[in-house]
Amino acid sequence: MSYLVCVLLFGLMVGSVGVASNPSPYFAAMGLVMVSGVGCGVLICFGGSFLPLVFFLIYLGGMMVVFAFSAALSAEPYPYGWGNRSVKMYVAAYVLGVGCAWKVLLGKWSGFWGGILDESGELLVLRGDMMGVAAMHDVGGWMLVLGGLGLLLTLFVVLELVRGVSRGGLRTV
Amino acid sequence: MTPIQMTFSTNFLLGLMGLTFHRTHLLSALLRLESMMLSLFLATSLWALQLSTINIATVPMLVLAFSACSASSGLRLLVATARTHGSDHMQNLNLLQC
């Protein structure tokens, strides 16, 4: 089970290097989907059941979808993938930097991956993180109300600033 | 440093470096902001799960909600840029010229 965590952590690093090196936004969004999927796997290996689900639904199903169709605004005829020379240079630089940092900072532990502590054995549905999120509804009710009001405010801010007639944020268009 | 901490810290720093060395598109800078937020979500969720401090599990949820606010504001800026400048190339945003 700890080998699964090793593989997922490696997938996290690969995906985040793929996002941070400068490909076209199509491919960066795909790398971010991979990173979020693998990150959910890491959370499941550590005993979470509700938080990875929330992450999949809200982040992937809400925010990444919006980013994916906003990528139509940055369309170009020849998008830069990871096979492009300048993107490959960024990938090489980031892999070198990450490798050096891992060697320096993790060298004290045994081996390259060190000791990974995880919860193997049972796979339950009702875990602790669900109770923690329930606490947000219970004692953290006012924070929930504030968060909801903040989101509503953001909705109106976005609406007003994209409106393009005389009193909006884009007056020229 | 444990491998888990190293992974999400490196994830955050990679997103930050990608944001610093951006090249052409505004949307790819926003995507790197999202990867930074992802690493923060992973970090706070692993805090709640590994140390068994269960009430901290509210923090990833609220961080996710407020990062949705920031992502929507960034996308609004992207749409505004595409409407006024025609594309989201960063070199077109040169009205300040300093």
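Each Cβ is built from the backbone N, Cα and C atoms, and glycine gets one as well.
No curator has checked TrEMBL annotations; they are predicted automatically.
Sequence-distant contacts of the signal peptide (A:1-20) (same chain, at least 6 residues past either end, Cβ-Cβ under 8 Å): 27-28, 31-32, 34-35, 38-39, 41-42, 45-46, 82, 90-91, 94-95, 98, 113, 116, 118, 120. Residues or ranges marked as signal peptide by TrEMBL: A:1-20.
Taken from TrEMBL, the feature transmembrane segment applies to A:26-46 (among others).
The transmembrane segment feature in TrEMBL is assigned to A:53-75 (among others). Within the chain carrying the transmembrane segment (A:53-75), a Cβ under 8 angstroms from the stretch's Cβ atoms is held by residues 24-26, 29, 32-33, 36-37, 39-40, 43, 133, all 6 or more beyond its ends.
Residues annotated as transmembrane segment in TrEMBL: A:139-159 (among others). Counting same-chain residues at least six beyond the ends of the transmembrane segment (A:139-159), none has a Cβ under 8 angstroms from any Cβ of the stretch.
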